[in-house]
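Below you'll find the structure, written out as structure tokens, and then a few comments.
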Amino acid sequence: MSSSIVGTRELPSSQYDLSTYWGRVRHSMDIVDPRTLLTSQKALDAHTALLEKYKRGEISPQMTPELWHAKKVVDATLHPDTGMPVFLPFRMSCFVFSNLIVTAGMLTPNLTTRGVLCWQIANQTLNVLINTSNANKSSPLSNGQLATSFFLAVGASCGVAVGLGRVVQKVSFKPNAKMILGRLVPFAAVATAGVMNVCLMRGGEIKKGIDVYPTSDDGEKKESLGKSQRAAMFAVGETAVSRVLNATPIMVIPPLLLVRLTATEWLKSRPKLVMPINCGLIFVTSIFALPLALGAFPQRQAVKADSLEPYFWGKGGKEDLVEFNRGI
């Protein structure tokens, strides 16, 4: 993100009001805009150079459409802590495409137990890669911790998916109700494992804390005040809630719509269209759901200094606020 670029003049956080939910949603639409994936390295370097000139005070402080576009591309491409490009398949601007295949697999009707296990493992693998690629880098996990977190999350997702699926098959419901509940089992597995995945993969942040900075509106680059465990708990908790909010429409709306559609004579006579329609429903829902979920909480969160550990009391910047990178 552009916050990783060094300079004495701060860039505006967004052209939208990030103190409001809809402002954050519109900002998130820029972050997840898949058109930024087409940016070449040469163009990215040019955008970064333009922002560096702005932050060094070499150009007018007035934000222009060109500067806003440069910021949009950089924010969608670079990690806010390292300043390095996030690997393309794991950028939030690629999430809709990266997530489409595994979600379609999990929501395939009448999966066998082997199919359920394979798709849950694939989904958790993707989650791990996205989480680690976009997580706060001030407290990285070791390879051993990553492996442990991955296997625990896989165990949780597979256990919920298979166990709950069998429970649904055994309960005494009408066939139609049982079918609907069966289609919602993947959502329960994804939501449960998604929260566990975030907490486990970023457990090191909670244990060690994450860097906290004083807020400022004078353009001065501030140094870290230290690492805060409470800030890490805020960051990880909000990210986990955001993941559930994102999974809810994607894992609930398409399967319920598909149940209605598969009951029609038109689709019954065209069974080969079930999978393309399933993918289309997931794709359209994802496009609308992702910005709505990401907008739930600001990525760079600002809190009162006295809401953290006593060490940070009285050390806040503007209005005694401190900020930290929540991660995605």
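Cβ atoms here come from the backbone N, Cα and C positions, even for glycine.
The feature transmembrane segment is assigned by TrEMBL to 146-168 (among others).
For 180-200 (among others), the entry in TrEMBL reads transmembrane segment.
For 231-253 (among others), the entry in TrEMBL reads transmembrane segment.
For 273-297 (among others), the entry in TrEMBL reads transmembrane segment. Nonlocal intrachain contacts for the transmembrane segment (273-297), taken as residues 6+ away from its ends with a CB within less than 8 angstroms of a stretch CB, comprise 21-22, 24-29, 31-32, 92, 95-96, 99-100, 103-104, 107-109, 238-239, 241-243, 245-246, 248-250, 253-254, 257-258, 261-262, 267, 326, 328.
Away from its own ends, the transmembrane segment (146-168) comes close to residues 113, 116-117, 120-121, 123-125, 127-128, 132, 178, 181-182, 185-186, 188-190, 192-193, 196-197, 200-201, 203 of its chain (Cβ-Cβ under 8 Å, at least six residues beyond either end).
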